[in-house]
Amino acid sequence: MLRNPDEVNKRQHTTHLYANDHLIVRRGQEFQLKVTFDRPYKPSDDQFAVEFVIGGSPQFSKGTYIPVSVASDRQSPWAGRVLDSADNVVTVGITPAPDCIVGKWRTYVAVVTPYGIRRTRQDESRDVYILFNPWAAADSVFLDDSNEREECVLNEVGVIYHGAFDDVSERPWNFGQFDYGVLDACLFIMDKAAMPITNRGDPIKVARKASAMLNSRDDDGVLVGSWSGDYTYGVAPTSWTGSTEILLNYSSSKMPVCYAQCWVYAAVFNTFLRCLGIPGRVVTNFFSSHDNDGNLKTDIILDENGRIDKQRTKDSIWNYHCWNECYMSRPDLPQGFGGWQAVDATPQETSDGMYRCGPASVQAIKHGQICFPFDAPFVFAEVNSDVVFYSRNPRDGTLEPVKVNSSHVGRMVVTKAPGQDTRRDITDQYKFPEGSPEERTVLEKAEEYGCQREKAILTEADVELDMPLIEVRVGDDFELKLEFNNKSGQARTGDVYVSGNVVYYTGVNSSEFLFKTPKKKVIQVRSQDYMRKLVEQANLHFIATGKVKETGPGPTLIPSLLILAGSSLTWTESFNPRREGPTKLMASLDCAALRQVYGQAQLTVMP
């Protein structure tokens with residue numbers, strides 16, 4: 001099978017990094033096999049074929065049984081030829097079709113004899129993995145940018161970005177797509193989903209199925225999500241540093257692994273994509289909208305006192321949200337909408353009855369073509385929706401818009417730069433600059449497909465209220481300052497309410513710790529008020545609402561953020577590296593009182 005890492009096949013197919021003893025090749029590209037007969041091969045007299053079989057009931061018509069003849073006068077679905085013949089050994093070249101099924105194939109040699117066809121017995125050591133091929137122009141995942149391909153297929157370690165758009169933090173991650181057992185685990189995910197074998201050559205269907213299977217919500221998929229802060233029966237999401245343990249645990253136990261949040265879903269999904277040969281990368285969207293009701297707006301409903309109405313407010317804005325992009329052609333869409341596709345395994349909303357999202361063309365999202373599959377409206381809302389604040393009338397329940405912010409959502413989208421440990425801003429791949437003519441055209445196009453923007457004429461406020469963004473150390477008392485700007489030239493009086501809430505990074509309120517009608521322009525916030533209500537990755541959001549008595553409704557403004565502090569310690573650990581060369585060492589510190597402490601070091605493993 002010429003399956004060793006230093007032999008011709010794995011080197012030419014760039015599969016030599018897989019910790020797997022079987023032959024691993026990529027479709028649409030020739031690989032070699034050596035067949036040993038009991039006598040020299042005579043092309044004029046002898047007829048033989050190499051047969052490839054996948055699945056439980058292989059059929060030629062379904063592409064699950066492929067006989068490859070080496071004779072020039074016989075047509076085969078895959079190309080075959082004799083490369084060399086010496087004594088009893090024949091070297092055969094096999095080129096799988098560029099759209100063939102991806103998975104683990106069984107291999108046989110069939111010989112035509114006077115007594116009928118005779119074939120070799122099944123031997124597991126002759127099984128061959130055939131993967132997607134981003135190096136082959138005829139493959140639908142072909143990526144012609146060599147630097148991007150190197151990063152998004154072959155790089156085993158990466159950086160995931162989180163935090164806030166003006167204070168970005170980094171989290172190292174070991175994708176481990178070449179680690180022992182990971183390839184089988186990725187194929188097991190498709191088996192567990194009962195995905196038809198015939199669909200496994202289509203990267204669109206593979207990515208869509210994986211986006212459902214990476215979460216456990218409706219199919220016993222890989223990861224159980226939890227944002228509760230209680231991880232007694234599993235591993236805290238902030239503790240994971242790589243995908244390998246998660247995937248191996250899932251494939252061995254056949255049970256979902258606890259626990260994940262958005263970056264864990266995205267990181268493991270990335271491993272799945274790269275392992276099978278689909279170029280993949282993790283992206284982070286800062287101030288990411290979760291449009292719960294599908295109206296492509298983020299609706300924040302306030303009661304008459306200015307508090308967020310938790311019962312009626314279903315939409316939220318995540319400080320950051322991680323998803324994936326995978327690279328492929330989209331023959332099901334008009335020309336120009338191939339390339340990077342957004343996919344998301346974090347279970348937010350159902351799509352066709354299951355918790356999944358994508359693949360959605362990033363180009364389609366940028367140009368407002370949200371009619372195209374799959375789930376383009378949801379992703380469009382994540383980066384483009386207006387934040388609309390409504391005041392609810394307690395008498396009849398009617399909603400009156402009091403403020404619209406059209407530039408808050410999708411503040412910045414980033415991913416790791418190819419070949420470097422630096423981030424790349426790819427916001428312009430999702431949207432045109434705020435306020436540009438192109439952006440207005442896109443919004444008009446999106447409106448054609450149901451994106452209804454708030455067009456109510458809001459009462460112009462002649463008094464502006466602002467709360468400067470501040471950073472405080474956890475556990476400190478601090479002052480919240482209110483700044484009023486009266487632009488009317490006349491005296492103004494008003495009622496102001498300030499609400500302080502502990503908020504998860506997903507934008508969901510945990511609890512209110514402050515509600516005041518301030519008599520002064522400075523509010524004292526005591527640590528004892530918020531400390532006992534903090535949750536992990538917490539923010540303190542302050543919302544001020546006010547009504548000028550002389551003119552009516554005024555603006556609603558957010559937020560002020562609490563940036564948690566960290567600390568350090570020393571630890572000694574022993575391990576054996578798997579192979580020599582440059583690599584990274586990653587570590588995490590995790591406990592209920594202190595999450596998000598990570599570190600990494602670049603090192604070289606010597607022989």
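Yeah, the Cβs are placed from backbone N, Cα and C, and that goes for glycine too.
Copied over from TrEMBL, here are the features:
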- 254-347: domain 'Transglutaminase-like' (DOMAIN)
- Cys262: active site (ACT_SITE)
- His321: active site (ACT_SITE)
- Asp344: active site (ACT_SITE)
- Asn384, Asp386, Glu434, Glu439: Ca(2+) binding site (BINDING)
Neighbours of Asn384, Asp386, Glu434, Glu439 excl. site residues, C-beta within 8 Å of centre, Ca(2+): Ser406, Ser407, Val409, Gly410, Lys431, Leu443
Shortest C-alpha distance to Glu434 (Ca(2+) binding site) - which of the active-site residues Cys262, His321, Asp344: His321
Neighbour-count leader, CB within 10 A, binding-site residues: Glu434, Glu439: Glu439
Within 10 angstroms of Glu439 (Ca(2+) binding site), Cα basis - active-site residues out of Cys262, His321, Asp344: none
Recorded positions: Cys262, Asp344, Asn384, Asp386 - member with fewest neighbouring CB atoms within 10 Å: Asp386
Other CB atoms within 10 A, centred on His321 (active site): 28
Spatial neighbour of Asp386 (Ca(2+) binding site) that is closest, considering only the active-site residues Cys262, His321, Asp344 and their CA atoms: His321
Inter-residue C-alpha distance, Asp344 (active site) and Cys262 (active site) (nearest angstrom): 9
Spatial separation of Cys262 (active site) from His321 (active site) - C-alpha basis, Å: 6
